[in-house]
Amino acid sequence: MGNKIINIGFSAFIIFVWMAINIFLFVWYYFYYDLRPEFFYTRHLLGAALAWARAPAAVLNFNCMLILLPVCRNLLSLIRGSLMCCSRTMRKQMDKNLTFHKLVAYMIALMTAVHMIAHLLNLEWYNNSRQGMYDDLSNALSDMEDTDNTTYLNPIRTTSSIHPQQIPTYFAFTSIAGITGVIITLALILIITSSMEFIRRSYFEVFWYTHHLFVIFFAGLVIHGIGGIVRRQSNVDDHNFTFCRNLTEDWGKIPECPHPRFVGGPAATWWWVIGPMIIYTCERLLRLIRYAQKVQYRKIVMRPSKVLELQLVKKGFKMEVGQYVFLNCPAISQLEWHPFTMTSAPEEDFFSVHIRSAGDWTDKLIEIMQKLPEGAQGPKMGVDGPFGTASEDVFDYEVSMLVGAGIGVTPFASILKSIWYKFKDNNPKLHTRKIYFYWLCRETHAFEWFADLLQGQEKEMEERGLGDLLTFKLFLTGWDESHTNHVMVHFDEDTDVVTGLKQKTHYGRPNWDKEFEQVRKENPTATVGTFLCGPAALATVLEKKCAKYSDVDPRKTKFYFNKENF
């Protein structure tokens, strides 16, 4: 338990607080509508469905207020920068923004389902009351005339059996609350279904365009409550329902029982969402400003395994290690923006990204770049960023374990380059004393992406007497018989046949228990930062290992897990 507290304690606390607020809002508003006297007559018509409709609405308002904030990248970068003086535990929460975004979305989906079902029941019971299917009080409340929109309770105003309003679905598709509710629900269904991992990974464009239905969702949400379908009694002091509910024939005839008057509640959702909507609008305006800024190509290089390297220059652009940018290529799509981790170091006068063929957008970009004449400028490129990630904190740890899978090595390329520059410049702010670099690849060609960088680093550190600072551990997870024979022939050579490094390539997957045990043994009192850019399955494994091999005793080794999220 102590080990888990080190890595997930604060995150669990945040989730606990969020859930507690959700539960509080649900319970509070449930009993508000279930017990308040001004809703007595409304409850008589609708029963418990009134409270079951309104309580989820309150939770929806709260979560719709939160849903946009985790994807406001500039806001998160600003907060991360302002928390640099605070503990790394606080800053780590900024890297779990998408996880929280998904949790909030799931809560919105759940509350929408409860809210919708309860209101469908309400609509049915409103209709039945209008048809006179219940008691005398229900008939009296449903038959009340509409005087200046302040008297009636039942929104279904006609009793004609042939009038289309007597069909509940007609009312649902003609009232403001009904039509906006249908639009909101359809938009939410499309957004959530297109966000499934399979669709997002395989058909990113479907995810990207469908996700922008959130504009319609929020527009419908703001005006959803304008119709005032759920009404409350406005003259409770003059009309005492305890005394008058059984005297429906005397309403308006005796002074003790004037006609009850009802009003719809004001639309309150916009009070909850107006702030985040303004913040998000500012985010998009800032993106437009950045899009208009000129970006020049310094170098375009095609790497093995269909990996494109772009070296770009933009006036006033400043970055930190491990940060990422969003790229937009109007020649492919005016609307699509895709995230890429930068592989350059802050000390360089350009920034670079490595783009692997992984879908329609990347395939089209690579095709365009391959057709360019040598030395020519590429198509117009919009750049939004840079944005902070977990890798920014790598130099705050005495010891770091960097784990990259395939193209997931990109943030660590930036880190390794920056370390090189810092040692060349004898930077006094560098507190890191040991880095373990793990790179897992399925094919040998992938290692060629950064082979020159790794060889240069190894040579540079040895010349400076710092050969122990960096430990490279490269793992080839896929190979054939011919490659095995080639390795056996050159087994006794000083350098590795795959990478050219003195540290030989390992075959198969790492034994993480062995690796963590070794790091703990070599660094018995250190704080170790474990950084991953790779698949979720590997993240689950590493997070468990960090918890398993950490010790709550401050005098012993502690592992903190950090993962790149886009």
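From the backbone N, Cα and C atoms, a Cβ is placed for every residue, glycine too.
Summarising the annotation, TrEMBL assigns transmembrane segment to 12-31, 51-79, 100-121, 170-194, 206-230. For 287-393, the entry in TrEMBL reads domain 'FAD-binding FR-type'.
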Are there 3 or more C-beta pairs under 8 Å linking the transmembrane segment (12-31) with the transmembrane segment (206-230), counting only pairs at least 6 apart in sequence? no
Applying the under-8 angstroms CB criterion, which one of 12-31, 51-79, 170-194 scores highest with the transmembrane segment (100-121)? 51-79
Averaged over the whole of the domain 'FAD-binding FR-type' (287-393), what is the pLDDT? 85
